[in-house]
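What follows is a set of notes on a single structure, which appears directly below.
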């Protein structure tokens, strides 16, 4: 039997590109959807039949009621956030969530001391804030690398955890009390959380790597769902204004426990303009009424944090870096409709550097990006509405010209165009599973 085709969906900018909708749409054809990195620091918003659902940890395929969903080892899991999300889905009438959700035993857990340290550190930074969501993601990844993490498998034996926990809290409380003048975390409080969640989470703990490899051998298509965006990647993003995990397509292999040869197609999700949340350099950021208009029409507020997103022109030079480090096979352009009515559109095709030189690709690291001045190409916009358009031919001529120019400058084909939040409001030029 020929192996099935598998697709990785990643955010190709600074996150918030609209991955959730596209994963939900692609899930129709999948035998499993897998989260492979990140935590509950970013929300994936789905709109089905006008009904809105925000997921943070659970893969966006969960609304398809016969579909198995997986949380791989690369994800840091807040047990309380996970159960809260399951309860929300149950209340919304989604069937058999706990029966269909499988969690790798090797997932590090986010516990109260991670959140306490994350928030205390950010408060101490003053003007040097990184823009963390304060949900404990960074400290949980630190524990993983320092080999002191409490992992999902530990929930199967909570009675053995106390000794391990005492050693961890000694480390955390020294920092909380002496570096940040914050309250210490009590072992009893952490154990209370662990005991509360262990019984419900234990049945979901599964050898995710093995199940995914078996599904692949059986010819089932798999969908790997990235969180955040490539330009927030811990290695290749605008460091230190980045997230704590690898957000690239290659991370799907390690974070889900599958070989890289199982990743057949990389779909990069790309907004028709650029946004960024929190601190960090943003060469094409707009501070005028055009930027304010994009924010308003695009509802640019974080689905989890409620934070306003910064808006700017499309940055093809930044996207080039993303295409390079992810091996993007095709792009899905989202929120094209938000550009309706913008009279003149700028596309950033490169940057001027402080030494007078030029580059056509985003440099690595925050200091280098901070000094970049965008070089723009100008195109005429369109007045007609693209909202809800379902065929490429029905798009305004200038909208098609805009998409074509993005392809030419970035060097990757447009496979899908999203013209609204509902899964039906989608134009398909090339299906990733085809």
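Numbering starts at 1 and runs along the chain as displayed.
Just so it is clear, glycine is given a Cβ too, placed from its N, Cα and C backbone atoms.
The GTP binding site annotation in Swiss-Prot covers 15-21, 43-45, 309, 335-337, 418-420, and the record cites sequence analysis as its basis. Sequence-distant neighbours of residue 309 (substrate binding site) (same chain, 6+ apart, CB under 8 A from its CB) are 16, 275, 276, 277, 295, 300, 301, 302. In the three-state DSSP reading, residue 309 (substrate binding site) counts as coil.
The active site, proton acceptor annotation in Swiss-Prot covers 16 and rests on sequence analysis. DSSP assigns residue 16 (active site, proton acceptor) to coil in the three-state reduction, outside any helix or strand.
What Swiss-Prot records for 16, 43 is Mg(2+) binding site.
Positions annotated as IMP binding site by Swiss-Prot, on the basis of sequence analysis: 16, 17, 18, 19, 41, 42, 43, 44, 133, 147, 228, 243, 307.
Marked as active site, proton donor by Swiss-Prot on the basis of sequence analysis: 44.
Here Swiss-Prot flags 303, 304, 305, 306, 307, 308, 309 as substrate binding site.
Spacing of residue 228 (IMP binding site) relative to residue 306 (substrate binding site) is 15 Å (Cα to Cα, whole number). Residue 133 (IMP binding site) and residue 43 (Mg(2+) binding site) are 12 Å apart (CA-CA, integer value). Each residue contributes its Cα atom, and for residue 18 (GTP binding site) and residue 44 (active site, proton donor) these two points are 7 Å apart. The C-beta environment of residue 21 (GTP binding site), restricted to residues of the same chain at least 6 apart in sequence and closer than 8 Å, consists of 45, 46, 47, 60, 334, 418, 421, 422, 423.
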